[in-house]
Each structure stands twice: as structure tokens, then as C-alpha cells.
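See below for the structure under consideration.
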Amino acid sequence: MKASMYLALAGLVLLFVVGYASESEEKEFPRELLSKIFAVDDFKGKERGCKGFGDSCTPGKNECCPNYACSSKHKWCKVYLGK
């Protein structure tokens, strides 16, 4: 019983700390997280010759950036997992 009380208290403290940390973070956190996950800088706004994740493309034209492939079903660039 005593251990479960300490565990519940620790959980509440952890929830408070995570909530406070997320409030204090900059608003750019979701964009930074996505750019790190997909290893591209889609949100920087700079011009490039290839299309990034989620951009529309034409299958077979090789318009997508490296590590991406044009989906023939959806017609947008997606992560290429290889075969």
C-alpha cells in the first residue's frame, strides 16, 4: 500500500515536470522533431531540386529526394524502405 502511494506520487510529479517542460519549449518543437525523424529540412523554406516527404510527384520520374520514392498508388513522395 505504501509503495503504491509513492508510485502514484512519483507519477504525478513526473507528469507535472513533463507538462512544465513542454510548456517552456519553443513552438518549433513539432517541426524540429519531424525534420529529425525524416532527416530533411522541409520547414526551412529553401529551394531545392528534389521533392520531400508528402510532396506530390509523378511515378517513374525520380523527382523525390534521396531516401524517398514516389508512391504509384498515392502519387506523393514517401520514405523508401528498400527491398
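Keep in mind that glycine also has a Cβ here, set from the backbone N, Cα and C atoms.
Lifted from Swiss-Prot, the feature list:
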SIGNAL    1-21  signal peptide
DISULFID  Cys50-Cys65  disulfide bond
DISULFID  Cys57-Cys70  disulfide bond
DISULFID  Cys64-Cys77  disulfide bond
MOD_RES   Leu81  leucine amide
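Structure coloured by features recorded in Swiss-Prot.
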residue : record         : contacts (Cβ under 8 Å, 6+ apart)
Cys50   : disulfide bond : Glu63, Cys64, Cys65, Pro66, Tyr68
Cys57   : disulfide bond : Lys51, Glu63, Cys64, Cys70, Lys75, Trp76, Cys77
Leu81   : leucine amide  : none
Other CB atoms, at most 10 A from the CB of Cys70 (disulfide bond): 21
Packing count at Cys77 (disulfide bond) (other Cβ atoms within 10 Å of its Cβ): 23
Cβ-based isolation winner (fewest other Cβ atoms within 10 Å) among the disulfide-bonded residues Cys64, Cys65: Cys65
